[in-house]
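Student: Structure provided below as structure tokens; questions to follow.
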Amino acid sequence: MDEFALDARVGFAIIVVFGLAWITFGWFLGRKTTTHEEFALAGRNVGFAFASATAMATWVTSNTTLVAPELTFQFGLWGMVGYSFAALGLILFAPISARIKTLLPNGYTSGDFIRLRFGFTAWCLFMVISFVYALGWLVSLGMAGGILLQALSGLDYHIGMSAILFICVLYTLFGGLRAVIATDFIQALIIITGVVLVAVLLLTNVGMPEIHQNLADHHPRLLDLLFPAAIMFLFNNIFFGLGEIFHSNVWWSRALAFKQKVAFRAFLTGGLLWLPIPIVTGFVALAAPQLGIFPASPDMVGPTVAAAVLGTAGAVVVFIVVFSALASSLDSLLAATSDLLTRDIYHKHLNRKANDKTLFRANRIAIAGLGVATWILCLPQITTLAALLNFTGAFVASTIWPIVVGLYQPRLEGKYAAGAMAAGTLCGLAGYFLIGFYVAALIACLVSAVITAVGVYMSKQHFDWDLLNEKEHTE
Amino acid sequence: MQKLLIGILVVMSTLGSGLLLSGTAFADTAQPGLTLQGPDKVREGYFQLRVDGVAEEDSFVIELASSEQFATVENTFSPLGAFRQLSLSGFDDGRYYFRAVHSGTGEYSNIHQLDVVHYPLWQALSLFTLGALLFISLLVTMLILTRRSARNHKEPSHG
């Protein structure tokens, strides 16, 4: 394959048209937002349809549309199937979200819970983990935008990356969480329709026997269910997904924004809707060798194969689907991370007397600042998407046990939670650098589990859950 | 004190993300003529190869053989568009030889030797078992804690 599926000008035109549409929609939805709580948590009144759609759409991201094919290209069948297990993160977060909503009726962020439940030291560690993860994910999304345009149209990576970041920052800035959730709903419809369309067209255009024969002859490990690195990757990916969702304010802010009875059903539905998507997006990568497609970087394989099989019209569909997926995650992450900066750092530690108007302004400055920081970190295309994301796995997987146990078990003291997160992260990073990215989250989770268990056994406190119901003091 | 700690926290977060700046890209060592670069040994069966010394408008293919003499070319791989790098995957254990061939002049690059040595299966299955046990422990813990919480109507009092 020598030519790109799309003319660079067509690719850029799609970005401009959709970008303007999202920005206008964000402005329209955000024009009536007057308070910081409305901006940050959409008035805590999101219903089931929007809640399920935002849960699914936010989780369909560069992970699903670019990394699932990348991992399938590298790990074969296990990469594809194993990646879909990340749906367990959403499904298992369903009961946790209901618990969060009950314990923290006035909460804003995941940082609120850690600060009130485990104290300042654990909160500091948790914030480091959250920001490393948020920046890692933001950078991966920015990179994905650049890679997408480059793979489909040959347009310079830096132009695509800058354009997508600029658009998402702008409409999140205008609309806050209400706009984020509403655009997620539309983006979810686009994603589901597009993915089903691509799957149907692929199955009718590419012969399964030919794909299988080519893989068996020239790339046999991709069909091997005893592929060692892929086997090691499987549970690592599950713990990575659990850690991502259990700790991230992207999901906590949604749990707090949904109506009381909605959170459980919404996350469960979102997870079940998400489950088959990596299978479809990952499957396209298996056709790459048969089509003679050997991308410069493995994270380009998904859109490249889809465009090659489906032609220009298919490339346009793929482009719109991936662009929607990126936007639905970027906006959520910008909103949730800016909430952490505004609420946890600015309001709770730098300016406790800040009024609603000041917090509103601080939140918007945080969104813009995060956008600029992400753009700077995206400039050097330092690594592949999967490697970048899995680097953060060592951090997030260390939070799973302290959060789960901390939400239900009153004995666990903050020093053990902090120890579990610190030791888990350090051991996970050691695994990442000494063995490979496919063990980082597993090691982090294991070490954290042991320390949390010791903590429950050794702790003598009986935490008063009422302390989590923090009253607001903003004017 | 808290402001100082928060400052440290922000710097640590940035540094944490920046750790990856150590980079995994190929060393950009431009050499005269057609040159092929790649890793010498991989443990996962996937890798990237990069060709230098080809003009942007020219094209090339990479040939694969199982002997250094290239008696039989077993497969050929073309890069995408104008890219000078390509990714390959799914290789079994073994020693492979690659060379790039200029499509116009027929010039050959150096021969690059690559060994694929997958991790031992016992190591993979050990980690798999460990992961499975840890995951089951998490599920059981969540189930027990959720049920216990549901039974305890007194907490939280504001719920």
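Please read every residue number as a count from 1 along the shown chain.
The backbone N, Cα and C atoms fix where each Cβ goes, and this holds for glycine too.
Taken from TrEMBL, the feature transmembrane segment covers A:12-29, A:41-60, A:80-98, A:118-139, A:159-181, A:188-206, A:226-246, A:266-288, A:308-341, A:362-382, A:388-408, A:429-458.
Explain the structural surroundings of these features, please.
Tutor: Here the transmembrane segment (A:41-60) has long-range neighbours at 86-87, 89-90, 108, 176-178, 180-182, 184-185, 187-189, 191, 245, 250-251, 253-254, 256-259, 262-263, 265-267, 269-271, 273-274, 277, 324-325, 328-329, 332, meaning same-chain residues at least 6 beyond its ends whose C-beta is under 8 angstroms from one of its own.
Sequence-distant contacts of the transmembrane segment (A:80-98) (same chain, at least 6 residues past either end, Cβ-Cβ under 8 Å): 55-56, 59, 63-64, 67-68, 71-72, 230, 233-234, 237-238, 240-242, 244-246, 251, 254-255, 258, 263-268, 270-272, 274-279, 282-283, 285-286, 403-404, 407.
Sequence-remote contacts of a segment are chain residues at least 6 beyond its ends whose Cβ falls under 8 Å from one of its Cβ atoms, and for the transmembrane segment (A:118-139) they are 61, 110-111, 244, 247-249, 329-330, 333-334, 336-337, 340, 344-345, 370, 373-374, 377-378, 388-389, 391-392, 395-396, 398-399, 402, 406, 413-415, 417-418, 421-422, 425.
For the transmembrane segment (A:188-206), the list of distant contacts is 53-54, 56-57, 60, 273, 277, 280-281, 283-284, 287, 290-291, 306, 309-310, 314, 317-318, 320-321, 324-325, 328: same-chain residues at least six beyond its ends, Cβ to Cβ under 8 Å.
Residues 59, 71, 75-79, 82-83, 85-90, 92-93, 96, 133, 137, 389-390, 393, 395-400, 403-404, 436-442, 444-445 of the same chain sit 6 or more residues outside the transmembrane segment (A:226-246) yet have a Cβ under 8 Å from a Cβ within it.
If one looks beyond the transmembrane segment (A:266-288) by at least 6 residues along the same chain, the residues whose Cβ comes under 8 Å of a Cβ in the stretch are 48, 51-56, 59-60, 64-65, 68-73, 76, 79-81, 83-84, 86-91, 93-94, 97, 191-192, 195-196, 198-199, 202, 206, 211, 215, 222, 251, 255, 258, 294-295, 301-302, 304-306, 309.
The list of residues near the transmembrane segment (A:388-408) in space but at least 6 beyond its ends in sequence, with Cβ under 8 angstroms from a Cβ of it, reads 63, 67, 96, 99-100, 103, 113-114, 117-118, 122, 126, 128-129, 132-133, 136-137, 139-140, 143, 236, 239-240, 242-244, 246-248, 382, 416-417, 420-425, 427-429, 431-432, 437-438, 440-445, 447-449, 452-453, 455-456.
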Student: Using a Cβ-Cβ cut-off of under 8 Å, list the residues of the same chain that are 6+ residues beyond the ends of the transmembrane segment (A:362-382) and lie near it.
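Tutor: Distal contacts: 36, 39-40, 134-135, 138-139, 141-143, 146-147, 157-158, 161-162, 165-166, 168-169, 172-173, 176, 334-335, 337-339, 341-342, 346-347, 354, 388.
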Student: The transmembrane segment (A:429-458): which same-chain residues, six or more beyond its ends, come within Cβ distance under 8 Å?
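Tutor: Here the qualifying positions are 229, 232-233, 235-237, 239-240, 242-243, 386-387, 390-391, 393-402, 405, 409, 411-413, 415-417, 419-421, 423.
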